[in-house]
Amino acid sequence: MALLLTTVIALTCLGGFASPSPVPRSTALKELIEELVNITQNQKAPLCNGSMVWSINLTAGVYCAALESLINVSGCSAIEKTQRMLNGFCPHKVSAGQFSSLRVRDTKIEVAQFVKDLLVHLKKLFREGRFN
């Protein structure tokens with residue numbers, strides 16, 4: 001009986017080692033890039049009905065700034081997965097209406113153009129090995 005109990009406890013403890021670990025940032029970035037590629041390639045109608053978002057400064061804090069812009073687009077299922085993925089990169093909680101200093105305050109662009117610009121920038125970061 002003691003041997004059985006010891007075996008059960010050992011297997012329970014070792015089970016924690018086999019649990020899934022967080023996805024590496026490089027893999028998460030690659031998946032985000034693939035999602036943006038899918039969005040840009042599968043455009044038959046204007047993305048998000050031609051909704052406009054604030055342009056962002058792509059040189060710093062790109063993930064949170066991109067999420068802050070996209071979070072204000074409602075009723076667009078095409079970018080919901082992208083929003084969730086960006087949320088994983090952003091260390092703080094982003095809510096609709098939040099304003100970042102990283103946005104170019106006077107410039108709004110269509111979501112489709114925003115996604116294309118973001119895709120180009122993220123591909124560049126991936127090539128350079130900058131995953132943060």
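Glycine too: its Cβ is placed from the backbone N, Cα and C atoms.
The disulfide bond recorded by Swiss-Prot for C48 reaches one of C13, C76; that cysteine is C76. Within 10 Å of the C-beta atom of N72 (N-linked glycosylation site) sit 14 other C-beta atoms, taking all shown protein chains into account. Spacing of N57 (N-linked glycosylation site) relative to C76 (disulfide bond) is 23 Å (Cα to Cα, whole number). Spatially, by CA atoms, the recorded positions N38, N49, C64, C90 include one closest to C76 (disulfide bond), and that is N49. All protein chains included, N57 (N-linked glycosylation site) registers 13 other Cβ atoms within 10 Å of its own Cβ. Taking the C-alpha positions, the distance from C64 (disulfide bond) to N38 (N-linked glycosylation site) comes to 21 Å.
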